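**Student:** Pulled the feature table from Swiss-Prot, pasting it below:
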type	residues	note
BINDING	Gly838, Val839, Ser840, Gly841, Ala842, Gly843, Lys844, Thr845	ATP binding site
DOMAIN	110-363	domain 'ABC transporter 1'
DOMAIN	802-1044	domain 'ABC transporter 2'
CARBOHYD	Asn2	N-linked glycosylation site
CARBOHYD	Asn10	N-linked glycosylation site
CARBOHYD	Asn228	N-linked glycosylation site
CARBOHYD	Asn287	N-linked glycosylation site
CARBOHYD	Asn311	N-linked glycosylation site
CARBOHYD	Asn1350	N-linked glycosylation site
CARBOHYD	Asn1365	N-linked glycosylation site
CARBOHYD	Asn1391	N-linked glycosylation site
REGION	1-20	region 'Disordered'
TRANSMEM	474-494	transmembrane segment
TRANSMEM	508-528	transmembrane segment
TRANSMEM	554-574	transmembrane segment
TRANSMEM	583-603	transmembrane segment
TRANSMEM	616-636	transmembrane segment
TRANSMEM	725-745	transmembrane segment
TRANSMEM	1153-1173	transmembrane segment
TRANSMEM	1183-1203	transmembrane segment
TRANSMEM	1223-1243	transmembrane segment
TRANSMEM	1297-1317	transmembrane segment
TRANSMEM	1324-1344	transmembrane segment
TRANSMEM	1418-1438	transmembrane segment
Amino acid sequence: MNESHEAGKNSSTNVEEREEEVLRLARQFTEQSSYSTAGQTPFAAEAGSALDPNGERFNARAWCKAMLQMHIGDKEAHPLRTLGVAFSNLNVHGFGSDTDYQKSVGNVWLKTLSLARIAFGQKQRKVDILQNLEGLVEAGEMLVVLGPPGSGCSTFLKTIAGETYGFHVDKNSNINFQGIAKQMAHEFRGEAIYTAEVDVHFPKLTVGDTLYFAARARTPRHIPGGVNATQYAGHMRDVIMAMFGISHTKNTIVGNDFIRGVSGGERKRVSIAEACLSNAPLQCWDNSTRGLDSANAIEFCKTLRMQADINGTTACVSLYQAPQAAYDYFDKVLVLYEGREIYFGPTSMAKHYFLQMGFVCPDRQTDADFLTSMTSHLERVVQPGYEDRVPRTPDEFAARWKASPQRAQLMQHIKSYNAKFALDGEYLDKFKQSRRAQQAKAQRVSSPYTLSYVQQVKLCLWRGYQRLKADPSVTISSLFGNTIISLVIASIFYNLKADTSTFFQRGALLFFAVLMNALGCGLEMLTLYAQRGIIEKHSRYALYHPSAEAFSSMIMDLPYKILNAITSNIVLYFMTNLRREPGAFFFFVFTSFILTLTMSMFFRSMASLSRSLVQVLPFSAVLLLGLSMYTGFAIPTGYMLGWARWIAYINPISYGFESLMINEFHNRDFPCMDYVPSGPGYTDVGLNNRVCSTVRSVPGQAFVNGNAYIESAYSYTASHKWRNIGVIFAYMFLLGAVYLVATDFITEKKPKGEILVFPRGHKALKKGKSDEDLEGGGGRSATVEKIGSDGLAMIERQTAIFQWKDVCFDIKIGKENCRILDHVDGWVKPGILTALMGVSGAGKTTLLDVLATRTTMGIISGEMLVDGQPRDESFQRKTGYAQQQDLHLSTATVREALEFSALLRQSAHVPRQEKIDYVTEVIKLLDMTEYADAVIGVPGEGLNVEQRKRLTIGVELAARPQLLLFLDEPTSGLDSQTSWAILDLLDKLKKNGQAILCTIHQPSAMLFQRFDRLLFLQAGGRTVYFGEIGQNSQILIDYFVRNGAPPCPPDANPAEWMLDVIGAAPGSHTSINWFETWRRSPEYARVQEHLAELKHERRHQTNLFRTTSGQKREDKDSYREFAAPFWAQLYQVQVRVFQQIWRSPTYIYSKTALCVLSALFVGFSLFHTPNTIQGLQNQMFGIFMLLTLFGQLIQQIMPHFVAQRALYEVRDRPAKTYSWKAFLIANIVVELPWNSLMSVLMFLCWYYPIGLYRNAEPTDAVHLRGTQMWLMIWTFLLFSSTFAHFMIAAFDAAENAGNLGNLLFLLCLLFCGVLATPDQLPRFWIFMYRVSPFTYLVSGMLSVGISNTNVTCADNEYLRFDPVNGTCGEYMGSYMSNLGGYLADEMATANCSFCPIKETNVFLGRVSSSYSDIWRNFGLMWVFIVFNIFAACSLYWWVRVPRDKKPVAKAE
């Protein structure tokens, strides 16, 4: 900015005068606009005018002025408000250290002990992050915050915006938001916002819908211009998209790192646009230009400048690699050095402040880079003679600033500002009035939200519908799966007879129906965790309450739940011949539906009460087990142990089951189908001397009363039918309230400040810094200039030339073909550093993907040759590709990641030790020695951005690429010093003969000059220039000027100038078709000639070499797809996966908790169950309930596997590091030892409490049968883990695989012989009984558990009747000899008490189980395990392994 503008800024201390001046200028601009906008409003603009956001002539400044004028002219519109901030004595600290130790299964308890010590009063180490910051940013001003990573820039911005999680603001710090202080964090939360560096959006929502939602959420109560809220939000969306050049992405999904959507730069602009639509008067932007090209970075700053000038918005922005044009838009600058303030003041004076101190600014270095260089002793240049006079350490710089007259003047301004805007004064009242006028009438005055709660819910409902339309797969698969399950259950219990023979089957049917309806929404937990970060971001922006989104999702799910209740329950009810009465049917459907809603609230509240998925899974599994076991069927109420009976009282499912049982049995008499005694010799016995073989039967009656049956068997009372419905409703509302409240107040787990994490036993090397800060996690790294040539000695020298001609790439969007790359030509030679540049979305990353053969979709055409020969299948592993996203295994160390790449990607003939030594050289070369043994971690707890980028490049260098190195945005997100260090590294590699093709955004003039050649693309993937850059970019500049471009100013950055020339920068236009200009140029002709020469010469040389040298075995091996043989791949991958699991204690201990707690719960719920008839039934259900863990076990494995697979498919597979077979087998095998350990724990915690060992005592087989039971539990866990891999192998989402897995799991449970014995199954389903693995599992476990012992009936299980004559023994002798059973007293002459079962083997026979089949069952379980492994591999190969593409065709 010029000095007159700066002076105007600094003199404007009166906010009211400033606002009046802004309004006066707005009126003047509107009246005298040079654009044809007279008589137009922004909402009724002529098509193609400057106010039309969908037209080519749209002008953002003209639109803003017109919008402001319209707002001023509307008396009902809310008053405009602005917000500045003054801060002094600002100190921020955290607790901890700059390093930590990695938690593993073995040492996590040590961490627990340290936390316990802290809880009992042991003080933590205090770490200062920001120290004594002072500054003043008035309304309408822009502040740029400069400093390297780790200097405290992010912490400062978060503090100003009120986001202080993970650190503490000192209580003596003074922050004055123009007369407002404590209210900013709550009442005015959305008025000061922080926009993080990462982009978090719903990936399958379109860009247009994402931004419409944000605009609508901040729509004011009264809208000037006479349009409704929908039109206003739509117009604001179109305007903001036009401002940031993303109008063309309106109907494209946003995507993320794993779901293809808009480009990375476009996604960043979506994040910026979303934040702008919040209309916050104070905006904090944290490195928001990361991933943007320089033109869009400048346009971003220009837009902020426009908002500040016209609307009075205040912006605080941290920038890395800030172009000079972007820096010039700012009024003030804050320079931070390890948390100390070393300058705060006008941007125009900052450079001079350090120059007069004795430092030198190199030629063509931007002001921002010069200021940032002050924080690095390796970068700052001292004037000769000033070596002993300039400050060196952060404290010396801070002390020099404290003593400066500039600081004294700043403190005077802060004092005046605080006096003018006293806290809680009149400006606070004005601010409240303006905010209130904007809010909906139904909104609370103290609420930070604009819309009323009802409006928020409606808006979230709209978004929910858009998301459902975008991805209905989970809903459809759930509905389909539930309908199939209903059909299967109905067919199993098809047309039940209305007599006593179906009593158990009716109970089992209703039990399964209740569980199916109640537990079918368990996967909702996964969805809630996936979207939590997005919703919390929107809450910080004050767009809506998190509970409003939660409430809308409840409503959004209602149509599905209603449809599911109708389709599933109609099929189930009528096919099974449940009570054929209208009232009974509708009560059944109604009860099932409200149970579904209640349990949906249960799952949602569980998810909202916990902060991560791993926290909740084990406990939710035990709760689900409790809900299922204490429903009243598996363990009838009378058999529940006293200490656990309360579980049934707090279990909503038990109330539903009781009501459905009453609904089915109340006031019905069921004819008796089986009498005792009966058969030969008893045909003439009357009813008085025999009894129905059902509980609560009465001698002399040919039926059993339903009320009596459920009262005796289940202790159910008919009067509870509607009472239970009321209880269920109460639970529904209670759990719903818990869900909504917890959603608003409990946030997800966030990372701490960035710290380095080391494996226990490794120590961080001392770094020679005076102070460490939480944010840095390692401080500044030196440039690679200090590394000598010795580190380069082992770097692979390359000789091959890679060339491409007429490369095109087309994808299908809808029904239309879209061309992403259009006839691109070029080459990469050893020792040449080639830059690939273009506007965001021009296809740079796509071109790298195509050239590196990493695309998995679309149609590729053109010619790509290596030394004149087509690329072979070894091409991918012979090239290095450093991706823009720094994707690494979070649990590995830096050294392990590099060694893994070296061992598997270098030639198999290179000795192992040489590969390890090579990794050591790469570590030295990249200056990673001090953190070589640090854990990679996740952002926030592990390597910082710079360190991750170095590691990404290092992984590719460690592979020793034989052909060339691709780098996608290697300097993205890095500050200028680190970017310069990365270019130092590339320059060293180039000088050693490395061939490099590198995309780059926002290069400074000095950085741009370090490249040799440039491939420049415009939108549509069309070449604008390919050739040398030249000294001071002169060859490039001459080309454009010769073809009609205006001259490049001497002080301009050629990288920014050329974007303006071709009209790629937002707001810039050109009448020249630069693509056609290039195609007609002599430079293009020379490129074509050289490509033909290269093809002929290199092909001839290659063929000659192959003919004269012959083909050695090593040469043949070099053309293999993978460098390492399969067994070497498997070994290395297996070691890494074992390390990863060991270093994931939350995964292992949640698995342990799941198995141990569930086993204990089942075991002690059935503690020492007696061998009565119901006791045997309970023991059988004890096995059955243990098997229900299957669902939770596979749900735990699937998300873990999906994360590993995403990393493999995005990084390791395209690099041909190892094969998919090694990946899949290693992930399956790694579960084996842990499942073995879990089986032992589960066996001990379940087998002995139930008391099954007592059944082996009569035959003296306690140890044998105990071992057999453990083997069956072991195979169950192995089957579960392999089945999980089988399910997830083909699916992208764990939710879809979970739905299918639950469907198959339920089928296994249904057909295992517990709920319906083989004799009761329809003949059609017998094959399912035989193919269900649970058939053999239950049969084996049940026979081992209860065989070969006697049964003792409980008192209510005896059947009582009088003999015809004689004793009971004489009367029942014939019957007992044929059908078994025993009498309590054979000598009794009246009231015979008969027990139908004498031995447990009879009970086993009824469920087709026999102890003699135990080893057959064990063997068959292994058959199923092997089948799962084979099916997982087959499915993965069929669905997810890319097929070899046919030879490319010539593009049209």
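Any Cβ shown, glycine's included, is placed from N, Cα and C.
For the listed features, I'd like the structural context: burial, neighbours, distances.
**Tutor:** DSSP assigns Gly843 (ATP binding site) to coil, not to a helix or a strand.
Across the domain 'ABC transporter 2' (802-1044), mean pLDDT in this model comes to 87.
Proximity of Asn228 (N-linked glycosylation site) to non-local residues of its own chain (separation of 6 or more, Cβ distance below 8 Å) is seen for none.
Taken residue by residue with DSSP, Asn287 (N-linked glycosylation site) is part of neither helix nor strand, so it is coil.
DSSP assigns Asn1350 (N-linked glycosylation site) to a strand segment in the three-state reduction. Packing around Asn1350 (N-linked glycosylation site) is summarised by its Cβ count: 13 other Cβ atoms lie within 10 angstroms of its Cβ, all protein chains included.
Cβ environment of Asn1365 (N-linked glycosylation site): Tyr1371 lie under 8 Å away, each six or more residues apart in the same chain.
When Cβ atoms from all protein chains are considered, those within 10 Å of Asn1391 (N-linked glycosylation site) total 14, not counting its own.
Proximity of distant same-chain residues to the transmembrane segment (474-494), defined by a Cβ-Cβ separation under 8 Å and at least 6 residues beyond the stretch ends, is recorded for 468, 505, 508-509, 512-513, 516, 520, 523, 527, 560, 563-564, 567-569, 571-572, 575-577, 1293, 1295-1296, 1299-1300, 1302-1303, 1306-1307, 1310-1311, 1315-1316, 1321-1322, 1324-1325.
Non-local neighbours of the transmembrane segment (554-574) in the same chain are 457, 461, 464-465, 468, 475, 478-479, 482-483, 485-487, 489-490, 509, 513, 516-517, 520-521, 524, 585, 588-589, 592-593, 596-597, 600-601, 604, 736; each lies 6+ residues outside the stretch with a CB under 8 Å from one of its CB atoms.
Long-range Cβ contacts of the transmembrane segment (583-603) within its own chain (Cβ-Cβ under 8 Å, at least 6 residues beyond either end) map to 513-514, 517-522, 524-525, 554, 557, 561-562, 564-566, 569-570, 573, 620, 652-653, 656, 659-660, 663-664, 725, 728-729, 731-732, 735-736, 738-739.
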**Student:** What recorded positions among Asn287, Asn311, Val839, Ser840, Gly841, Thr845 are found with a C-alpha within 10 angstroms of that of Asn1391 (N-linked glycosylation site)?
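**Tutor:** Taking Asn287, Asn311, Val839, Ser840, Gly841, Thr845 one by one, none has a Cα falling within 10 Å of Asn1391 (N-linked glycosylation site).
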**Student:** Are there three or more C-beta pairs under 8 angstroms joining the transmembrane segment (1418-1438) and the transmembrane segment (1223-1243), sequence spacing 6 or more?
**Tutor:** yes
**Student:** Neighbour count first, Cβ atoms within 10 Å, every protein chain included; then name which of Asn311, Gly841, Ala842, Gly843, Lys844 tops the list of recorded positions.
**Tutor:** Lys844
**Student:** Measuring CA to CA, name the entry from the glycosylation sites Asn287, Asn311, Asn1350 that ends up nearest Val839 (ATP binding site).
**Tutor:** Asn287
**Student:** Cα of Thr845 (ATP binding site) to Cα of Asn311 (N-linked glycosylation site): how many Å, rounded?
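**Tutor:** Asn311 (N-linked glycosylation site) has its Cα 37 Å from the Cα of Thr845 (ATP binding site).
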**Student:** Between the transmembrane segment (616-636) and the transmembrane segment (508-528), are there at least three Cβ pairs closer than 8 Å, leaving out pairs fewer than 6 positions apart?
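**Tutor:** Result for the transmembrane segment (616-636) with the transmembrane segment (508-528) is yes.
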**Student:** Can you tell me how far the Cα of Asn311 (N-linked glycosylation site) sits from the Cα of Ala842 (ATP binding site), in Å?
**Tutor:** 33
**Student:** I want to verify one value. Collapsing DSSP to three states, which class is Asn228 (N-linked glycosylation site)?
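**Tutor:** SS state of Asn228 (N-linked glycosylation site) = coil.
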**Student:** Other than its close neighbours in sequence, what residues sit by the transmembrane segment (508-528), given a CB gap under 8 Å and a spacing of at least six beyond its ends?
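**Tutor:** Same-chain contacts beyond the flanks: 474, 478, 482, 485-486, 489, 493, 496, 557, 561, 564-565, 568-569, 572, 576, 578, 592-593, 595-596, 598-600, 603-604, 606-608, 613, 616, 620, 624, 627-628, 631, 633-634, 652-653, 656-657, 660-661, 664, 1191, 1195, 1199, 1294-1295, 1298-1299, 1302, 1306, 1310, 1315-1316.
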**Student:** For Asn311 (N-linked glycosylation site), what is the secondary structure state per DSSP, taken as helix, strand or coil?
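**Tutor:** Where Asn311 (N-linked glycosylation site) sits, the three-state DSSP reduction gives helix.
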**Student:** Taking 1153-1173, 1297-1317, 1324-1344, 1418-1438 as candidates, which has the most Cβ pairs under 8 Å with the transmembrane segment (1183-1203)?
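**Tutor:** Out of the listed stretches, 1297-1317 contacts the transmembrane segment (1183-1203) most.
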**Student:** Under 8 Å for C-beta pairs, could you tell me which stretch among 1153-1173, 1297-1317, 1324-1344 has the largest tally with the transmembrane segment (1418-1438)?
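**Tutor:** Ranked by Cβ pairs under 8 Å, first place goes to 1324-1344.
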**Student:** If we count other C-beta atoms within 10 Å, could you say which of the recorded positions Asn287, Ser840, Thr845 has the fewest?
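**Tutor:** It is Thr845 that, of the recorded positions Asn287, Ser840, Thr845, has the fewest other Cβ atoms within 10 Å.
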